[in-house]
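Annotation comment: TrEMBL describes 52-474 as domain 'Major facilitator superfamily (MFS) profile'. Per TrEMBL, the feature transmembrane segment maps to 55-78, 90-112, 148-169, 181-200, 212-230, 322-342, 349-369, 381-403, 415-433, 449-469.
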Amino acid sequence: MAVDDGVIAHKVSASDLKDMEDGPQVTETENQRVTLTEEDNRRILRETDLTILPILVWVYFLQILDKTVLGYSAIFGLREDVHLKGNQYSLIGSIAPIAQLAWQPFSSILIIKVPHRILMPTLVLGWGIAQSLTPLCKTFSALLAARFFLGLFEAGCLPLFSVITAHWYRRSEQPVRVAGWYGTNGLATIVAAALSFGLAKIHSPVLASWQIIFLFTGLLTIVTVPFVYWKLDNNVHTARFLMTAQDKLKAVERLRANNNGTSDGEAHKFKWAQVGEVFLDVKTYLFVAMSLANNLGAQVVNTFGPLILSGLGFDNHKTTLLNIPFGAVQYVVILGVAWTSVKVRSGKGVALLVVLVPILAGVTLLYVLPRGDTSHTAPLLVGYYFLAFIFGCNTLVVSWILANTAGSTKSSVMMSLFNAASSAGNIIGPLLFDTADAPAYTPGLKATLGVYSMMAAVVLLQLANLVLLNKMQEKKRVANGKPAKLHDASMENKFNAAQGQEGQGGDIGSRAFLDLTDRQNDEFIYVY
């Protein structure tokens, strides 16, 4: 290995080359070296951002859009036309996450076994068809079935997107990229409100307003499928947008410091030993608790947000329009907290605690202020907009999980568990809000306040746990003849050869692509 003015020559093993099936073939021996500079790093990152990130952003936007329009359809006649009574609307909101929860074990396996270029278009086509068929539903049971299949095909979306992000980006780059696609929660809220407002103005003798909304969004999803198949690549080794074999090697090398083991050819083998480690890891349960709490509380916005706004005295059209600035606040919050967590480096836990403050303030305002008095309308609206910070939590939790989990199977299972907890929260959440409590929904808001207070306590426990895990890693390194302290190059915003793992002497960094878990690799550094 030679280091000179920010240029580093790395040894590349035969296993790093064997999956490069597309484009120029590499047949050199395991002694071949590849030179990677900061200019190379930036160029490959830019090409990845231009090819992979737009797919993640657009498809995740469609997934959120297809789910979000349910709330707007409710204020444009869905409940009346389908004759929903009592808690049936709540059950309609819960059935999609029930399907997601049931399908999570299969999702974790499919993400490992099925090429991503095949899996993602299949999922998109499935939920697009379910969304397009929703206008045909005339009964509660038919609508329940349509939403079940929507949830079934959406089940693998968040775990798949998280794994793809971990495969293509360094740890320092992941929070902003997760925010890029997860932030479409806000954009989808804006577009769903604007679309619903516009489409509801269409007067059709055949279709009701809510049917037009579902049909439009479903067909938009379906026509996306060929584009996804055309542009998406399975992994770094076979990336078609990296035109030369050397660029593929450099793209792999720049991910070495992640130590997540996901660039090895073994990534397509589902390893049950890694599954067992997931369930023996304390941080698994703390991350799952965060996901459950945040998504349980998020139902105050996702399912009942438009109804709460209408309860403030606004008509259907004004209620729809008032969600546009809410979506804008969402988007700004998600990008803002992600950017801050990168600049502060190991600040994801602290950032989560800060984000929880306006959430608790918003829920408190909605809980304590009475309805019916116009003098309270403005503070109630401010309290509702504070709830946009809810969506910043999931971005931080996802990027925190990705940064602290290694091993292809372990990462896939961990993200499936995160999504399972998210689904469980989405199932339970709507049941906290009963239509009999309208328009204030005070019992549901009280429960939501307790949920986010609990989440703050869980974040503090996870911070303490990760500090302890890093102390244990240091002891392992010393026992194995390595330095106790290693520089975490994966959290640098720039590629620095002199500070990279290969620049720390010995065989540091040589185990990065062996598909080891964070517990198995003593060089793995946990991020706070």
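Using the three backbone atoms N, Cα and C, a Cβ is placed for every residue, glycine included.
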Stretch in 55-78, 90-112, 181-200, 381-403 most in contact with the transmembrane segment (212-230), if contact is a CB pair under 8 A: 55-78
- prompt: For the transmembrane segment (381-403) and the transmembrane segment (181-200), does the number of C-beta pairs under 8 Å, pairs 6 or more apart in sequence, reach 3 or more?
  reply: yes
Field: Same-chain residues at least 6 beyond the ends of the transmembrane segment (415-433) whose Cβ lies under 8 Å from its Cβ atoms
entry: 87, 90-91, 93-94, 96-98, 100-101, 104-105, 107-108, 111, 151, 155, 158-159, 162-163, 278, 284, 287-289, 291-300, 302-304, 394, 397-398, 401-402, 441, 443-444, 447-448
Message: Under 8 Å between C-beta atoms and at least six residues away from its ends: which parts of the chain pack against the transmembrane segment (148-169)?
response: 45, 48, 52, 56, 59-60, 63, 66-67, 95-100, 102-104, 107-108, 110-111, 116, 119-120, 123-127, 129-131, 134, 177-178, 181, 235-236, 255, 258, 260, 262-263, 398, 401-402, 411-412, 415-416, 418-419, 422-423
Contact between the transmembrane segment (181-200) and the transmembrane segment (90-112) (3 or more Cβ pairs under 8 Å, separation 6+): no
Task: Looking only at the domain 'Major facilitator superfamily (MFS) profile' (52-474), report the model's average pLDDT.
output: 87
Query: What residues in the same chain, six or more past the boundaries of the transmembrane segment (322-342), come closer than 8 Å to it by Cβ-Cβ distance?
result: 172, 175-176, 178-180, 182-194, 301, 305-306, 309, 314, 348, 351, 355, 381, 384-385, 388-389, 391-392, 395-396, 399, 493
